[in-house]
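Novice: There's a structure below that I have some questions on.
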Amino acid sequence: MWSSGFIAAGLGTPVASTPTLMAWRFLFAAGLLLAVVLLLRRSWPGSGEVVVQGLIGLLAQGVYLIGVVGAIEFGVSAGTTALVAALQPLLAASLAGPILGESVRARQWLGLTVGLAGVALVVAEAVRGVPGTAGAPLWAYSMPFIGMSGLVAATLLERWSSSKARLEALPGAYSETTLDVALAIQCATSALFFSMLAFFWGGIEPTGGTRFWAAVSWWVVFSTFGGYGFYWLNLKFSSVTRVSSLVYLTPPTTMVWAYLMFGEGISSHAVVGLVVCFGGVLMASRGA
């Protein structure tokens, strides 16, 4: 479901700016999540935990989406953006050891490298052959790196926030936060962030009619409640390296989505890359 966001981007970005789309996405998502929290009478965390969850949302949603979707909007090819974003598992694995004390085995490193090679095969033609990519401003190529770094930082912060290290560093500030409460805080933070951006970049008013709302609905249901929610759910039970390796499946899965929904072609290189990606993820997961 993580790849569903790229399909929604294909639906929404032709009719509205990234901040406008994201503002409405997270306004609806936050509203629905807050309703669930109230209905289930969940206990609200302390101010320290609210700040941590808000920062996670700002990094994983705000920084990541502005970097990835914004890069495409400013002319960087989707293939180049996907390839840069696919560096996330390697960066996360490199930092998980010194920051969290998680060990990464040789088989996992091999799986991560194989997975990245598979991603490169999937997006190779997009990187080489997309017309108009040369027209993107030079600074726009830094946006995918910034976005990818935001997701890595959020992943490490979330893992640390529920660890013994945080309990020792901030005694009395830690409380076990349920996933629905955490997502509600994160989405509310992102709704505020993107609403402020939208006022200065494209306007907050929804445009594009049915297509706009179809994209927003798709993002809320599949990307936010599905892909994003399951990402953090998996992180509660698995290592950073194992969960991050699943990101390698995003480009090939997006390729299949695009074929089924938009009739986009699938090359032989992409099919080989798809198989290699699955192999790399399997190696990284079994080595955990």
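Placed from the backbone N, Cα and C atoms, the Cβ positions cover glycine too.
Since the structure is predicted, the reported quantities are computational estimates derived from the model, not experimental observations.
Feature table excerpt (TrEMBL):
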| type | residues | note |
| --- | --- | --- |
| DOMAIN | 1-123 | domain 'EamA' |
| DOMAIN | 182-285 | domain 'EamA' |
| TRANSMEM | 22-40 | transmembrane segment |
| TRANSMEM | 52-72 | transmembrane segment |
| TRANSMEM | 78-97 | transmembrane segment |
| TRANSMEM | 109-127 | transmembrane segment |
| TRANSMEM | 139-157 | transmembrane segment |
| TRANSMEM | 178-200 | transmembrane segment |
| TRANSMEM | 212-233 | transmembrane segment |
| TRANSMEM | 266-284 | transmembrane segment |
Novice: Please check if the transmembrane segment (139-157) comes into contact with the transmembrane segment (266-284), where contact means 3 or more CB pairs closer than 8 Å and the residues in each pair are separated by 6 or more positions.
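Specialist: No, the stretches stay apart by this measure.
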Novice: Count the Cβ pairs between the transmembrane segment (212-233) and the transmembrane segment (78-97) that lie under 8 angstroms and are 6 or more residues apart in sequence, then report whether there are at least 3.
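Specialist: No, the stretches stay apart by this measure.
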Novice: With Cβ-Cβ distances below 8 Å as the criterion, list the same-chain residues six or more beyond the ends of the transmembrane segment (52-72) that contact it, or say none.
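Specialist: Sequence-distant neighbours of the transmembrane segment (52-72): 5, 9, 13, 18-19, 22, 26, 45, 78, 81, 85, 136, 140-141, 143-151, 153-155, 157-158, 161, 177, 181-182, 185-190, 193-194, 197, 228.
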Novice: When secondary structure is assigned with DSSP, how many helix, strand and coil residues does the domain 'EamA' (1-123) contain?
Specialist: 97 helix, 0 strand, 26 coil
Novice: For the domain 'EamA' (182-285), jot down how many residues DSSP puts in helix, in strand and in coil.
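Specialist: With helix first, then strand, then coil, the domain 'EamA' (182-285) has 86 helix, 0 strand, 18 coil.
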Novice: Would you kindly list the residues that approach the transmembrane segment (178-200) from elsewhere in its chain, counting only those six or more residues past its ends and only Cβ-Cβ distances under 8 Å?
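Specialist: 17, 19-20, 22-23, 25-27, 29-30, 33-34, 36-37, 40, 42-45, 50, 53-58, 60-62, 66, 224, 228-229, 232-233, 236.
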